[in-house]
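**Q** Take a look at the following structure, please.
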Amino acid sequence: MSQTQTAATPDERVKTRSSFHQLLIRPELGGICGVIIVFAFFMLTAMDSGMFSLSGVMNWSVVSSQFIIIAVGACLLMIAGEFDLSVGSMIGFAGMSIALLSVTFGLPVWSAIILTFILCMLIGGLNGWLVIKTGLPSFIVTLALLFILRGLTIFGAITATNKTIVGGVRDVAQGDWLAPIFGGKVFTGAFQWMADQGWIDTFSRGVKKGQPIVEGIPMLMVWALGLVIFGHYLLTKTKFGNWIFAAGGDAQAARYVGVPVNRVKIAMFMFTAFCACVFATAQVMEFGSAGADRGVLKEFEAIISVVIGGALLTGGYGSVIGAALGAIIFGVVQQGLFFAGVESSLFRVFLGVILLLAVILNTYIRRKITGEK
Amino acid sequence: METPIIEMKNIQKHFGSVIALSGVSLSVYPGECHCLLGDNGAGKSTFIKTMSGVHQATSGEIFFEGKPMSFSRPREAITAGIATVYQDLAMIPLMSVTRNFFMGNEPTKKVAGISFFDHKKAADITMAEMKEMGINLRSPDQAVGTLSGGERQTVAIARAVHFGAKVLILDEPTSALGVRQTANVLATIEKVRKQGIGVVFITHNVNHAMVVGDRFTVLNRGKTLGTAKRGEIEADELQNLMAGGQELAKLEIR
Ligand SMILES: Nc1ncnc2c1ncn2[C@@H]1O[C@H](COP(=O)(O)OP(=O)(O)O)[C@@H](O)[C@H]1O
Ligand SMILES: [Mg+2]
């Protein structure tokens, strides 16, 4: 199968490497190993806790999907050489914007969602524009936005409703065409059918008697999968993807050969905002309410997932698949320790250890690949 | 008389109160290697950046193939056929040779109406061009960071030539290289020159210049002391001029 390179005479100084080695040495290796370790750990410690039953799987899959959604945005942005610390505040802001526009101001839910997406992406664009115009590190600029957006969210909620939690979204979203794209479930028919066959658990009492406990696949998971596929293709299979690597690898070198670095970076800030907005919309639809304190620390969870996934903090290197694996590790560990009945403070210890191991492995691999010293 | 591909006349460049260039002229003919010599800080990089559209000259004229021209951004100069390999920013080490080679010029193919980076085509061209230049890549995905300094320069030169350069500007391509690697780069310059491309070779090493140069221009503290042809000037004279010696004007001015 691999007889394609027989024509070129090999350089005697370049050691030939086995294809197994080639396969192993890739940016996602840290993430893959982490996932294996994490699953092995919980298979051993929490096998009969329900963690691997259908509803258990759904539980950590949904949490992982949430992490994936924001990790994809953070990943592409980090590869393009920038950070966005305002993601968490953006989540709170977007959720509150949807709730206020629809519940308090009576706009149809679909238009509240669309307006919020436009607003958030404009703010994302502003983040990028400020970073480029001021030449300041994005760390500082988006840190300012972290405070500004959070402050505005609380202020807006208090001013409009006198509360920091705005409910009633579920009622106004009834019958809306756009809301189910974020809060709905798919394959409900298939799950009902499996329940009828007795393959999956059903409610044994109450109004839902006979209905499956897991009704279907939440749209949140569909979004996560869609964003991973989109992000992976954009990064590795398109011209724009090459510009993302170039912008983060060396912006000046990229500019010299005509790559529109500023446009690429601003676009990635907007994409990060888009991802935050997807997260927020799905969360608002699920809870039926928006809270001014939603999304706190999410930016760090996204960045940690991306780094576990093999991306270089300083940009120019990384993988969307890796970031998704990082997010899965994050989600599974967080929920798994709950299933295993372990003190939740140990979540942090475990996560810290995984983070350290993955980053050490990633750094080793990256040096192998890129020849960095 | 042949027209030069590019002719720079009396270029001045000021950065605020700093006068980096005070009236520098230089021309490049097809198939010649024009060496631009000068000590560190002489203004060599600044000069070629006005040629490649990175800087705009404060005053002076640029003629491209006989017509007056001014480049307001690198892209315009690249499109016209002026390719530049910058001193330290030629390549991105984290990226593969193929991704570097096609950076900003990615070949695309359409699949179901969506435009994709044509990796296969890019990899094939890169492997072929590298082989042409005498570099055997392990794979087209090999990162530039794993190449030696000389190989990186060669990739950058091959890239410029591949994208149809008429003038190739090399900013100190040999300054960080060992003997073997320098020889390779000089041989590459020779190859490129033979294809009819005009080369501007910047160096502060007179010996490197003497190997491949057809004409020599020395810069000293933002001023040019004139241009000499091969055979009309000795290495030690060039060395003196770089250090701020006598006027080259006395020897020859074209
Ligand atoms: N962007 C800039 N702003 C201010 N001064 C500059 C700038 N670029 C170069 N200079 C100054 O111009 C002079 C020439 O620099 P340069 O062209 O890099 O020299 P060389 O390439 O010959 O070593 C130096 O004194 C340098 O400090
Ligand atoms: Mg220089």
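Cβ atoms are placed via backbone N, Cα and C, with glycine included.
The model shown is predicted, which means the values in this text are computed figures rather than measured ones.
The transmembrane segment annotation in TrEMBL covers A:23-45, A:57-80, A:87-107, A:113-132, A:139-157, A:216-235, A:266-288, A:300-333, A:345-365.
How buried are these features, and what lies next to them?
**A** Using a Cβ-Cβ cut-off under 8 Å and counting only residues 6 or more beyond its ends in the same chain, the transmembrane segment (A:23-45) has close neighbours at 51-52, 308-311, 317-319, 321-326, 328-329, 332-333, 336, 339-340, 354, 357-359, 361-362, 365-366, 368-369.
Same-chain residues lying 6 or more positions outside the transmembrane segment (A:87-107) and placing a CB less than 8 Å from one of its CB atoms are 70, 73-74, 113, 115-117, 119-120, 123-124, 145-150, 152-153, 156-157, 160-161, 166-169, 172-173, 272-273, 275-277, 279-281, 283-284, 289-300, 302.
If one looks beyond the transmembrane segment (A:266-288) by at least 6 residues along the same chain, the residues whose Cβ comes under 8 Å of a Cβ in the stretch are 66, 69-70, 72-74, 76-77, 80, 82, 84, 87, 90-95, 98-99, 113, 116-117, 120-121, 123-125, 127-129, 131-132, 167-171, 173, 179, 182-184, 218-220, 223, 227, 244, 294-295, 298.
Sequence-distant contacts of the transmembrane segment (A:300-333), counting only residues of its own chain at least 6 positions beyond either end whose CB sits under 8 Å from a CB of the stretch, comprise 26-32, 34-35, 38-39, 42, 60-61, 63-68, 70-76, 78-83, 87-88, 224, 228, 231-232, 235, 245-250, 347, 350-351, 354-355, 358-359, 362, 365-366, 370.
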**Q** Taking the transmembrane segment (A:139-157) as the reference, which of A:57-80, A:113-132, A:216-235, A:345-365 gives the largest number of Cβ pairs under 8 angstroms?
**A** A:113-132
**Q** Residue list, the transmembrane segment (A:216-235) vs rest of chain: Cβ under 8 Å, 6 or more residues beyond ends.
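**A** Same-chain contacts beyond the ends: 58, 61-62, 64-66, 68-69, 72-73, 75-76, 79, 180-188, 190-191, 241, 244-245, 275, 278, 282, 286, 319-321, 324.
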**Q** Take the transmembrane segment (A:57-80) and find every residue of the same chain, 6 or more past its ends, with a Cβ under 8 Å from one of its Cβ atoms.
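**A** Answer is 51, 87, 91, 214, 218, 220-221, 223-225, 227-228, 230-231, 234-235, 244-245, 247-248, 264-265, 268-269, 271-276, 278-279, 282-283, 298-299, 301-303, 305-306, 309, 311-313, 315-320, 322-324, 326-328, 330-332, 334-336.
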